[in-house]
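> According to TrEMBL, the record shows the following:
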- 135, 222, 223, 224, 225, 280: pyridoxal 5'-phosphate binding site (BINDING)
- 138, 279: N(2)-acetyl-L-ornithine binding site (BINDING)
- 251: N6-(pyridoxal phosphate)lysine (MOD_RES)
Ligand SMILES: *Cc1c(COP(=O)(O)O)cnc(C)c1O
């Protein structure tokens, strides 16, 4: 088994630069590989495993669902869709939900809403404002919306209808859109994840919200990574006290079961009509049960407050131990979505940390990303810092 893994997988397409370990089981914030080596999971499957691994209430609920129905078809009503949709719209103060299975699909649905919303208003060639350093997925449309040339290069021709601006620069947004009557929406991540853990400022979000209202544009927020309690509120934009017209969700929504959703509000909620959009797997009974139980457990266990508190603890510990090092440029983030930016590329840390028993990622070349399960304890947060410190010291000394 191990030898096979270390020799790579000749039959699996080589699309990932993988670390040479193979994980076999998990419990809480710990996982073990096929050789029995233990790891502390500060990655959570990239902000996916909200409730950690083998959760004592999620797993029995999923087992129960497996014995009832895994999948039916959207030809028929799926009662779980109504339950999960109601849970989401109540927490988002929005109107309705379309279910899919991944983040890019949620963003595709958002882009389709923005285009149809424009076409319905008589705009033949709708345009959407997107951002430098944004990441929205790897389909043709979401890749076009993505701000990273490394993601886009080699896959042209890309799509028309996107205008790119710099984050957090309201004047630049005004200048780029001046006199353009084709704009129908602004799409952004409230905290850019893949782009290097860069938050949009609350004031900027509020300004764009007001501008969208004034111009009749849809404010569409990609909360695929920052949503579902990760920042200590249900949705990251809630720190700015605004409500978007469209919001995409996925990653943490099903605690590891693939669930995506696009949540719409007001006029945006009426755009898609029967026949306009669909998904075979989207909203299937198993996926819905995962979403429902994730939210139920998060609420029963107070995981929003917990993520906010443990996140502050982790950030403070990182600042105390790593923030003092020459070469640590910034430590930022909200709740359990934290970035440690170094003054040099540090992609090798992913493998080095794994060797030292810690799972994490590096985004935008220089930013260590910590997005652990929301059940992380303060003691585990301290352990992350302990394990990370010598690794970062070594990278900076090299
Ligand atoms: C991960 C991510 C996506 C893409 O999600 P997939 O499920 O991989 O398609 C889109 N937007 C953001 C902000 C993400 O972090």
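For all residues, glycine too, the Cβ spot is worked out from N, Cα and C.
From a predicted model like this one, the values you see are computed outputs, not experimental measurements.
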> Report the binding-site residues (222, 223, 225) that meet this criterion: Cβ distance to the nearest atom of ligand 1 under 6 Å. Use sequence order and write none if nothing qualifies.
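With ligand 1 as the reference and 6 Å as the Cβ limit, the list reads 222, 225.
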> Just give me the nearest neighbour of residue 222 (pyridoxal 5'-phosphate binding site) among the recorded positions 138, 251, 279, Cα to Cα.
251
> Taking residue 251 (N6-(pyridoxal phosphate)lysine) as the reference, which of 135, 138, 225, 279, 280 (the binding-site residues) have a CA within 10 A of its CA?
225
> Within 10 Å of its Cβ, which one of these recorded positions (138, 251) has the largest number of other Cβ atoms?
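That would be 251, with the most Cβ atoms nearby.
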> Quick one: Cα separation, residue 223 (pyridoxal 5'-phosphate binding site) versus residue 279 (N(2)-acetyl-L-ornithine binding site), in Å?
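Rounded to a whole number, the Cα-Cα distance is 20 Å.
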> Can you tell me whether DSSP puts residue 251 (N6-(pyridoxal phosphate)lysine) in helix, strand or coil?
helix
> Fill in the CA-CA distance, residue 135 (pyridoxal 5'-phosphate binding site) to residue 279 (N(2)-acetyl-L-ornithine binding site), as an integer in Å.
22
> What whole-number distance in angstrom separates the two most remote CA atoms of the pyridoxal 5'-phosphate-binding residues 135, 222, 223, 224, 225, 280?
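Largest pairwise Cα separation, rounded: 25 Å.
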> Are there any residues at least 6 positions away along the chain from residue 225 (pyridoxal 5'-phosphate binding site) with a Cβ closer than 8 Å to its Cβ? List them or say none.
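For residue 225 (pyridoxal 5'-phosphate binding site), the qualifying residues are 46, 47, 103, 189, 191, 193, 194, 251, 337, 371.
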> At the Cα level, what's the spacing in Å between residue 279 (N(2)-acetyl-L-ornithine binding site) and residue 224 (pyridoxal 5'-phosphate binding site), rounded?
18
